[in-house]
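Visitor: Feature list, courtesy of Swiss-Prot:
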type: DOMAIN; residues: 4-80; note: domain 'SH3'
type: REGION; residues: 81-118; note: region 'Disordered'
type: COMPBIAS; residues: 87-98; note: compositional bias 'Pro residues'
type: DOMAIN; residues: 109-291; note: domain 'Rho-GAP'
type: SITE; residues: R144; note: site 'Arginine finger'
type: REGION; residues: 250-275; note: region 'Disordered'
type: COMPBIAS; residues: 254-264; note: compositional bias 'Pro residues'
type: REGION; residues: 290-319; note: region 'Disordered'
type: COMPBIAS; residues: 296-306; note: compositional bias 'Pro residues'
type: DOMAIN; residues: 326-421; note: domain 'SH2 1'
type: MOD_RES; residues: Y460; note: phosphotyrosine
type: MOD_RES; residues: Y601; note: phosphotyrosine
type: DOMAIN; residues: 618-712; note: domain 'SH2 2'
type: MOD_RES; residues: Y651; note: phosphotyrosine
Amino acid sequence: MAGPEGFQYRALYPFRRERPEDLELLPGDVLVVSRAALQALGVAEGNERCPQSVGWMPGLNERTRQRGDFPGTYVEFLGPVALARPGPRPRGPRPLPARPRDGPPEPGLTLPDLPEQFSPPDVAPPILVKLVEAIERTGLDSYRPEPPAVRTDWSLSDVEQWDAAALSDGVKGFLLALPAPLVTPEAAAEAHRALREAAGPVGPALEPPTLPLHHALTLRFLLQHLGRVAGRAPAPGPAVRALGATFGPLLLRAPPPPSPPPGGAPDGTEPTPDFPALLVEKLLQEHLEEQEVAPPALPPKPPKTKPAPTGLANGGSPPSLQDAEWYWGDISREEVNEKLRDTPDGTFLVRDASSKIQGEYTLTLRKGGNNKLIKVFHRDGHYGFSEPLTFCSVVDLITHYRHESLAQYNAKLDTRLLYPVSKYQQDQIVKEDSVEAVGAQLKVYHQQYQDKSREYDQLYEEYTRTSQELQMKRTAIEAFNETIKIFEEQGQTQEKCSKEYLERFRREGNEKEMQRILLNSERLKSRIAEIHESRTKLEQELRAQASDNREIDKRMNSLKPDLMQLRKIRDQYLVWLTQKGARQKKINEWLGIKNETEDQYSLMEDEDDLPHHEERTWYVGKINRTQAEEMLSGKRDGTFLIRESSQRGCYACSVVVDGDTKHCVIYRTATGFGFAEPYNLYGSLKELVLHYQHASLVQHNDALTVTLAHPVRAPGPGPPPAAR
């Protein structure tokens with residue numbers, strides 16, 4: 001067996017010593033076995049990766065620094081390691097213990113494997129879902145990097161009483177209590193290769209079959225939660241790095257084994273100790289980039305009046321799938337997510353299946369605030385969600401479940417198909433009939449939106465401040481507890497010694513020394529009482545402030561629907577004005593946006609002279625976010641580029657706003673290019689760029705107070721003017 005001098009293994013289960021030469025194991029222990037020891041056992045080259053087939057193995061437990069034998073059925077292979085170890089001592093044959101997979105986990109050590117905790121269509125283990133839901137109800141708090149305390153009770157019966165810190169510790173403790181890391185060593189090695197080669201997103205490397213299905217589902221659920229945590233932070237960048245540092249070691253538990261090149265020789269690119277943190281940081285960045293679409297969906301619109309279908313009893317033909325308002329044909333999953341965003345449970349639509357197989361469709365249903373994808377099967381002219389297929393058409397299938405609960409098909413989906421997303425939506429819901437009247441009403445709604453936004457921002461600042469103060473008070477209470485413990489120990493020692501000295505001075509008749517000892521004892525008791533009183537007062541303040549903090553969070557949550565609704569209404573009016581030909585300068589006045597000084601391009605007499613007509617001045621092809629930010633570094637506001645997005649079939653616009661680079665997705669739909677419905681109206685990227693050369697992006701995102709003014713490769717605009 002040539003190659004490395006030894007190999008590392010990680011314990012999956014606890015093992016108690018049966019013989020003096022045995023090693024005791026705890027889950028997560030790293031064990032080192034020398035190559036010479038495996039050669040002495042007759043292990044063939046390559047079989048060291050399958051410790052369960054080796055049997056008893058001699059090695060070193062790096063946690064306890066003890067040597068001994070351990071069962072190969074209790075460990076998993078990590079990778080090669082360089083070492084210089086003495087050879088094995090001879091030992092006789094010995095039967096292996098049974099692999100402890102089927103029995104209940106030892107309290108406080110391990111949980112069942114993920115496949116034993118949940119199964120699709122559930123998206124994650126119930127314990128983790130319960131903890132995450134409790135955290136997001138309590139208020140998204142920062143995860144602390146400290147390791148969690150060992151938990152022996154996972155019933156979570158009192159989870160509603162936990163504060164944010166205890167809940168976040170619960171999530172971390174859950175990940176540590178799993179019998180195997182959420183990201184398996186094999187998947188971590190694939191992710192490391194993708195991260196090292198920088199050939200594209202790392203996320204696909206952590207999908208089945210590389211990562212087991214239940215692990216992949218749980219990882220996706222956790223990343224969605226952490227994405228919301230990072231998105232809630234005032235500065236997402238530092239929050240992503242902090243979450244990576246906290247959760248990287250929990251998800252991988254150890255760096256992955258190095259992945260050798262095809263030739264088999266090491267290439268010097270072994271994972272660094274900070275790889276777990278970098279991997280989680282990269283996954284969160286990719287998740288946030290997928291969510292970087294700024295504009296929310298418009299509210300549901302009433303369907304156009306259509307003649308009612310003629311009943312079969314009257315000799316008419318059955319309703320066609322193409323005529324069904326809820327059937328959208330060949331649209332992407334991203335478009336479906338956009339149409340169902342912020343809709344109530346029971347909202348649904350049907351599209352062609354992504355498999356493109358004739359007769360197969362996908363029903364997307366809103367349930368529990370998430371989109372549930374249900375496949376519609378087809379065989380021999382019949383349709384259904386599962387065998388037996390009993391419906392003669394998709395229309396019959398959907399009509400049935402508009403009146404009957406989907407719990408007949410899946411107990412988790414206890415809802416009917418209540419609210420179809422209609423493709424026959426009117427384009428506007430604006431009651432005014434003149435541009436000036438609509439503009440005046442737009443100004444009112446925009447002002448209301450800004451007022452609510454300011455109120456929300458003030459509440460968020462107050463919530464952040466009080467959360468920090470609460471953490472300081474908790475730390476102070478812990479300090480009080482330690483101080484009380486020290487003083488009480490001192491009091492016990494003093495009381496023990498005082499009895500001896502009091503008896504001695506009483507015999508000697510030394511009243512003065514007796515009074516001094518008694519006075520010191522009273523002072524110490526008084527001081528302990530003062531500290532107890534201070535701690536009690538601080539605990540009362542903590543409870544009161546925690547209650548106020550929860551009230552602030554409730555007020556913030558109550559403002560969110562108002563903000564979303566006001567923004568949707570405002571967007572309706574913006575679309576109406578744009579389609580009626582209102583000038584952007586006038587729209588900016590209604591929105592209270594100051595029209596900036598004319599730049600060199602707006603002074604051009606002929607719009608045909610704009611550099612925007614040359615795609616090479618702004619289209620840069622396939623580059624990533626970091627490369628785009630480097631190209632735009634130091635450029636003036638309004639400098640932009642268009643690149644391919646990490647989302648398949650989409651593009652991304654990167655633009656400088658207030659000296660910082662912002663990114664937003666450009667969708668390509670059946671109606672054209674655009675940043676969101678109903679703005680996907682442009683026949684080409686060039687048409688979109690020319691429109692937003694004079695139209696502000698603020699109508700899509702309040703933070704994008706800029707136009708696409710300066711193509712990044714166009715001559716002329718340089719760096720921003722130096723500060724005076």
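Positions of Cβ are set from backbone N, Cα and C atoms, glycine also.
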Visitor: Can you tell me how many other Cβ atoms are located within 10 Å of the Cβ belonging to Y460 (phosphotyrosine)?
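Guide: A count of 16.
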Visitor: Calculate the distance in Å between the alpha carbons (Cα) of Y651 (phosphotyrosine) and Y460 (phosphotyrosine), and round it to a whole number.
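Guide: Y460 (phosphotyrosine) has its Cα 33 Å from the Cα of Y651 (phosphotyrosine).
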Visitor: For the domain 'SH3' (4-80), how many residues does DSSP put in helix, in strand and in coil?
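Guide: Helix/strand/coil tally for the domain 'SH3' (4-80): 15 helix, 32 strand, 30 coil.
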Visitor: Over the span of the domain 'SH2 2' (618-712), how high is the average pLDDT in this prediction?
Guide: 87
Visitor: Using all protein chains in view, find how many other C-beta atoms are within 10 Å of the C-beta of Y651 (phosphotyrosine).
Guide: 18
